[in-house]
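Here the structure comes first, spelled out in C-alpha cells, and everything after it is commentary.
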Amino acid sequence: MSVEVTVEIPKGSRNKYEIDHETGKVYLDRYLFTPMAYPLDYGFIDHTLGEDGDPMDALVILPESVFPNVIVKSRVIGVFKMTDEAGGDDKLLAVLDDPRYDHIQDISDVSDFLKDEIEHFFVHYKDLEKGKHVDGSGWGDKAEAEQILADSIERYKA
C-alpha cells in the first residue's frame, strides 16, 4: 500500500520534533533524555488516526535522510507493535517508493539487525523520562500493517 509519510524527525537525531497539524509549523518538543538517536526517518501519515489519538506513526527506510516536514512517497511493509503510557502506539515501517527498494516487499525482507535496532530504540528511548514507558510486542507483517493502516483511516473518518 502506497502512503505519503510526513517526516518529523530525521534519522540520527535526538531532537524530538512535532509538526503542528493546523499550522504546519515544526516545533522542538524535547531533546531525548536517553543518549539514543532515531534509527530511521520518523513521521506520520496524514488523514489517519492511531489508537493514541494522533496520526499513525511511520518510519521510512531511505538512502539518505530528509528534513522535517518533507513528504516521502513510501510503501508500507510491516509494523512494530507497541504500547506506551497513552495506550496503543504502533509504528508502521515503510520504504521509499523507488526501484532501489523493490527487493523489500514485506517485513521478512528487512534484516533482523535493523528490526532489533528499531525495537531497542522504541523500547528504551523513554527510559529516563519520569512516568513514561514503552512495551514492545513484536513485529507484524505487511498484511497486518495494512490492516492497522486501514483501521486508522476509518477511525479518522469517523
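Note: Cβ is positioned from N, Cα and C throughout, glycine not excepted.
As given in Swiss-Prot:
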ACT_SITE  ASP89  active site, proton acceptor
BINDING   GLU8, ASP57  Mg(2+) 2 binding site
BINDING   LYS16, ARG30, TYR42, TYR125  substrate binding site
BINDING   ASP52, ASP57, ASP89  Mg(2+) 1 binding site
BINDING   ASP84, ASP89  Mg(2+) 3 binding site
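Features recorded in Swiss-Prot, as mapped to the structure shown.
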{"residue": "GLU8", "record": "Mg(2+) 2 binding site", "DSSP (3 states)": "strand"}
{"residue": "LYS16", "record": "substrate binding site", "DSSP (3 states)": "strand"}
{"residue": "ARG30", "record": "substrate binding site", "DSSP (3 states)": "strand"}
{"residue": "TYR42", "record": "substrate binding site", "DSSP (3 states)": "strand"}
{"residue": "ASP52", "record": "Mg(2+) 1 binding site", "DSSP (3 states)": "coil"}
{"residue": "ASP57", "record": "Mg(2+) 2 binding site", "DSSP (3 states)": "strand"}
{"residue": "ASP84", "record": "Mg(2+) 3 binding site", "DSSP (3 states)": "strand"}
{"residue": "ASP89", "record": "active site, proton acceptor", "DSSP (3 states)": "coil"}
{"residue": "TYR125", "record": "substrate binding site", "DSSP (3 states)": "coil"}
Worksheet entry | Whole-number Å value for how far TYR125 (substrate binding site) lies from ASP52 (Mg(2+) 1 binding site) (Cα to Cα) | 18
Discussion item. Between TYR125 (substrate binding site) and ASP84 (Mg(2+) 3 binding site), how many Å separate their Cα atoms?
Written reply: 11
Worksheet item: Near LYS16 (substrate binding site), which residues of its chain come within a Cβ-Cβ distance under 8 Å, counting only those 6 or more away in sequence?
Response: ILE9, LEU28, ASP29, ARG30, TYR31, LEU32
Worksheet item: Do any of GLU8, ASP57, ASP84 (binding-site residues) have a CA within 10 A of TYR42 (substrate binding site), and if so which?
Response: GLU8, ASP57
Worksheet item: How many whole Å apart are the CA atoms of ASP57 (Mg(2+) 2 binding site) and ASP89 (active site, proton acceptor)?
Response: 8
Worksheet item: Using Cα coordinates, what distance in whole Å links GLU8 (Mg(2+) 2 binding site) and ASP84 (Mg(2+) 3 binding site)?
Response: 19
Response to the item:
Cβ contacts within 10 Å for TYR125 (substrate binding site), all chains included, total 20
Worksheet item: Applying the rule Cβ within 8 Å of the centroid of the Cβ atoms of ASP52, ASP57, ASP89, what extra residues of the same chain belong around the Mg(2+) 1 site?
Response: GLY50, GLU51, ASP54, MET56, MET82, ASP84, ALA86, GLY88, ASP90, LYS91
Worksheet entry | Which of GLU8, ASP84, the listed binding-site residues, has fewest other Cβ atoms within 10 Å | ASP84
Worksheet item: Which site among ASP52, ASP57, ASP89 has the most other CB atoms no more than 10 Å from its CB, taking these as recorded positions?
Response: ASP57
Worksheet item: Among the binding-site residues listed here, ARG30, TYR42, which has the most company in the form of other Cβ atoms within 10 Å of its Cβ?
Response: TYR42
